[in-house]
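Participant: Quick one: structure below, then a few questions.
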Amino acid sequence: MSAQDAATRLFRELTGRDADGVWSAPGRVNLIGEHTDYNDGFVLPFATPHRTYAAVGMRDDERIRVASTFAEEPVEAGLSELELTFPISAEQDAWAAYPLGVAWALLLAGASGRGVDIAIASDVPVGAGLSSSAAIEGATASALNELWGAGLDRTALASIGRRAENEAVGAPTGIMDQMASMLGEADAALFLDCRSLEAQSIPLGMAEAGLAVLVIDTRVAHAHSTGGYRERRASCEKGAAIMGVPALRDLSTADLPRADGLMDDITFRRVRHIVTENQRVLDTVRALREHGARAIGDLLTASHASMRDDFEISVPELDTAVQSALDAGALGARMTGGGFGGAAIALVEQDAVPAVADAVAAAFAAAGFAAPNAFAVSSGDGARRDG
Ligand code: ADP
Ligand code: MG
């Protein structure tokens, strides 16, 4: 059964009637630009063909109920008491903070909501680096925006999703995932300035170039809201403060020698990753425009080296995925997403996808790692109404 049918069916099971509509939003793969978002910098993600669907209908009261094929039981709350709902401490209900957090953030933004029932189903793998969290936020935000007549544009809805994730879920993420999910376009990446939220669609032309993006999910679980992610953010803020700039976005590679003299080695290497990564995003956009997807491989691989050596957010499984893909002929490869697990991507010849996937699997087996899950992705549409 498709995820859309599963959402529709779950809604009927939950309420005994048909939904008023079905909305969906995709996950995302970040082509390049990692940890640059919360430094006011540049990112270049694209939307996945995998999507999360929300079948939604209005109620006659002021309550909101959310159900997911992912969860045993629906979770219910009064619209006026959502404020008190977060953080959700019962582990089996924790997922509900995403859709309930979106409703809460929309109400805070001035939407006047009536009660709703929301049924969710998805084919975005969870915790695999594809941002299933942005997908559930985007689907819910699109649905409620329309049903509640809030009239927010896509960029504003991305901010609603981010607010839900930051404040209701408690994960200190940037805006990239939600923007990619809301504004993605088929066969294009989204070139996003995370300071101005100005977004441009950059054609990828993967199929015309005979290329594919292979996602290699290492199956090593990552946890954004803990440890390393917060530490990296703190280092970036410290580096910007030492350099006297509002954000690391305001530095260029020409500032790096001065930075080196002003801060400890770890902070400097964190700063160097962000500054060079911003430049690599700009270089990738130019290469795509001028020469096409075939020209970006080395930039992807350089991004990985910077995350491995300077930002120190890779893990052995990600390094093995990248190196074995390159050894098997990939044009470029890098870990993608927040790091400490999750997925890598490799830019490969279309007809070499199975061979590269096999080579990566063999390298994982030789290293004693659990088998990875590799699959090719094209770029899909952003959030939309489906029915
Ligand atoms: P990811 O990298 O996939 O975004 P996150 O930890 O940020 O990983 O978000 C995953 C969480 O989002 C899940 O643990 C769950 O709480 C919630 N989630 C994602 N998709 C769904 C879904 N279809 N139904 C219910 N909850 C979901
Ligand atoms: Mg996420």
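Backbone N, Cα and C define each Cβ position, glycine as well.
All TrEMBL annotations are machine predictions without curation.
Predicted, not measured: the structure shown is a model, and the values here were computed from it.
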Participant: Looking at the substrate binding annotation from TrEMBL, with E34, H35, T36, D37 already listed, which candidate in Y98, Y229 is the matching residue?
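Facilitator: Record source TrEMBL; matching candidate: Y229.
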Participant: Would you identify the secondary structure of S133 (ATP binding site) according to DSSP, in three states?
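Facilitator: It is helical.
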Participant: When you rank R28, E34, Y229 by Cα distance to G129 (ATP binding site), which of the recorded positions ends up on top as the closest?
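Facilitator: If we rank R28, E34, Y229 by Cα distance to G129 (ATP binding site), first place goes to R28.
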Participant: For the domain 'GHMP kinase N-terminal' (101-184), give the DSSP counts of helix residues, strand residues and coil residues.
Facilitator: 48 helix, 7 strand, 29 coil
Participant: Which binding-site residues of A128, S131, S133, Y229 contact ligand 2 in the sense of C-beta under 6 Å?
Facilitator: S131, S133
Participant: If you skip the near sequence neighbours and keep only those at least six away, which residues in the chain come within under 8 angstroms of T36 (substrate binding site), Cβ to Cβ?
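Facilitator: Spatial neighbours, sequence-distant, of T36 (substrate binding site): F42, V43, C194, R249, I274, E277, N278, V281.
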Participant: Taking the binding-site residues one at a time (A128, L130), which has its Cβ surrounded by the most other Cβ atoms within 10 Å?
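Facilitator: For the binding-site residues A128, L130, the Cβ with the most other Cβ atoms within 10 Å is L130.
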Participant: If I take the Cα of G127 (ATP binding site) as reference, which of the recorded positions R28, E34, E165, Y229 has the closest Cα?
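Facilitator: Answer for the nearest of the recorded positions: R28.
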